Amino acid sequence: MWIQVRTMDGRQTHTVDSLSRLTKVEELRRKIQELFHVEPGLQRLFYRGKQMEDGHTLFDYEVRLNDTIQLLVRQSLVLPHSTKERDSELSDTDSGCCLGQSESDKSSTHGEAAAETDSRPADEDMWDETELGLYKVNEYVDARDTNMGAWFEAQVVRVTRKAPSRDEPCSSTSRPALEEDVIYHVKYDDYPENGVVQMNSRDVRARARTIIKWQDLEVGQVVMLNYNPDNPKERGFWYDAEISRKRETRTARELYANVVLGDDSLNDCRIIFVDEVFKIERPGEGSPMVDNPMRRKSGPSCKHCKDDVNRLCRVCACHLCGGRQDPDKQLMCDECDMAFHIYCLDPPLSSVPSEDEWYCPECRNDASEVVLAGERLRESKKKAKMASATSSSQRDWGKGMACVGRTKECTIVPSNHYGPIPGIPVGTMWRFRVQVSESGVHRPHVAGIHGRSNDGAYSLVLAGGYEDDVDHGNFFTYTGSGGRDLSGNKRTAEQSCDQKLTNTNRALALNCFAPINDQEGAEAKDWRSGKPVRVVRNVKGGKNSKYAPAEGNRYDGIYKVVKYWPEKGKSGFLVWRYLLRRDDDEPGPWTKEGKDRIKKLGLTMQYPEGYLEALANREREKENSKREEEEQQEGGFASPRTGKGKWKRKSAGGGPSRAGSPRRTSKKTKVEPYSLTAQQSSLIREDKSNAKLWNEVLASLKDRPASGSPFQLFLSKVEETFQCICCQELVFRPITTVCQHNVCKDCLDRSFRAQVFSCPACRYDLGRSYAMQVNQPLQTVLNQLFPGYGNGR
């Protein structure tokens, strides 16, 4: 296993090889020290937002193959040795040259805030006058909320005058007060919990009291009316508006206005409540209102209970009991804004907490579950139940490639997909089983059969794990799984009991086109009508089969179950046997036609990302260590014998060669460029709306890839170019919008059902009545390049 270690600034990146999932963090630090020359005590390692601490393993942090760990180097503190040196290192802030405040200055307010707080009541008493302003104490007015621009019913409780600024002379107090200098202290009728609010004179006016009749409304008239910007068909708050048009029919009356929302406005809004249009009262025109006036109807503050005080509501009242009593004993959660009685909590509180912030039990973060920097990880219940956690064996099981985990996942088809995987031709080769899992051809890392006992088998691996297997290329006899003691963390064992037709054995039997029979087996009369099974041959099968690949794993196409039956195997126990026969249009990779096709497509062995670099580093280290040993022997006149009477022998190749190493072939195979069929080229030319995208894709055919086949490079380019912005998959039933973006029809339908009528990629307004037409040329090309990719979508 290998990983990447990168410094925080991104300047240095090194591959750390020869690791295990059970490698300790302190061991990793020593390897990093050899590469980065940083002491372990100065290393801070971060992975997925967590600081890695000693005592844990890579498995504890779930570090996977070729993942990147960030390295932050601690700076060693060097204290000044003399007073002169210490004085020279003073910052600009300490020496008084800094323009901003120092930390001590920032923490000190110099008495400014306190003076402002202490002097405010004195100033208000000094400038409190009863003869100021147009509106007097206890008069009913309309006050405007400066945030939303709506007018609310309020009552004046106090009138004051602004204190003179420092630039004005003190004699200005004797001049008559202007309306702009007046401050009104008002209290909202519907929101007494807000207390007394100070308002400028421009945000206060006489209470609206006159309803304008329909026949008196005129275009261009400025009035006050009810409107809801969020839900125009429901009752909202009261806004100023200018009437833009008016229309009356035999059955309805329509009124449109430009609604003023503070500094902004909404144009041509249809007004629902045309019988509740109020005249704006001008200052000094009417008599002041001191009696209880008629109340206007506004939208309910709670849409759940419609402000019904007799109804329990868990939205606007206590979230637990729904009661409205004891508002002074309610706490508001700073996260969800829900109210809670202190005696409804579990456990209940005796008093309101003095903290500024409070969170309800559903929103608060459990401090015991938070892992701070420098703390050890919490014990995982899931990992505590694993066999590796309870095993007393000291074997390092974390070095195998089956333990590293997938770095990516096949999503172009679902996991229960029958038949070929789109974009994976017959003859595709992978070095490790985990890569086969990532491609989607055979998803289990270790198991030989992938399937479900109530559905069927989707794929299997022919690896020679059972001595009863017989391989003839186009057909083979396969042995079921089970009958072995794999307790603990074992990968394989000898046959120790009879197999049963359950689990994956039953799944593979369901692929046979015959009724299931768990006693005697069954044989299909029409075996081609059975469910397809993807077959992968492994290099381990080469001990019993000449059709196995020379290295790694190879996809050999589609096979179908002809029959299955129980019999006593070579081990003496009952095993289930399956006869599978090849049913694939693509030639087998061991035939001459198959080899020519592999050469034409340029299919080569695929290695995990970073594998070749790690292997090269490992061989380089071996060569360096070998050279050092030879130099030491030559310098010390050592005997060429190494060990007990054994002579050291150099290989003819100049160094040890590793079986299965990608460096053993020096001759490069000439790769033919991939070319489209005449039908595919015609369909691409027909898709004129995506001509620019196709030009970019076709340009990739001219590029010669450094690794991989041109065919797979072309498919990956197509998949990247025609990816749906919504589902992040290859577009299916594509809709090419007028703004030249491709979206799945199902994704666009879902967007329209959510009342979003714009392009998901660029927000271009498509309109409610947009006609969705599937781009058939594009869909046909994608079906030919990725056959079956629409299954399950």
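For all residues, glycine too, the Cβ spot is worked out from N, Cα and C.
Swiss-Prot marks one residue of SER119, SER172, SER298, SER392 as phosphoserine, namely SER298. Here Swiss-Prot gives region 'Required for formation of a 5-methylcytosine-binding pocket' for one range in the set 466-469, 554-557, 718-721: that range is 466-469.
In Swiss-Prot, the feature region 'Required for formation of a 5-methylcytosine-binding pocket' is placed on 478-481, out of the ranges 6-9, 394-397, 454-457, 478-481. Here the region 'Required for formation of a 5-methylcytosine-binding pocket' (466-469) is broken down by DSSP into helix, strand and coil counts: 0 helix, 0 strand, 4 coil. Counting only same-chain residues at least 6 apart in sequence, those with a Cβ under 8 Å from the Cβ of PRO327 (site 'Histone H3R2me0 binding') are GLU193. When DSSP labels each residue, the region 'Tudor-like 2' (216-283) comes out as 1 helix, 36 strand, 31 coil, counted as helix, strand and coil in that order. Comparing Cβ neighbour counts within 10 Å across the modified residues SER76, SER709, the minimum falls on SER76. In the three-state DSSP scheme, GLN330 (site 'Histone H3R2me0 binding') falls into the strand class. Local packing around the Cβ, expressed as the count of other Cβ atoms within 10 angstroms, is greatest for THR479 among the recorded positions SER298, GLN330, THR479. When the Cα of LYS546 (SUMO2 cross-link) is compared against those of the recorded positions LYS279, THR479, SER709, the shortest separation belongs to THR479. Distance from the CA of LYS385 (SUMO2 cross-link) to the CA of THR479 (site 'Required to confer preferential recognition of cytosine over thymine') is 31 Å.
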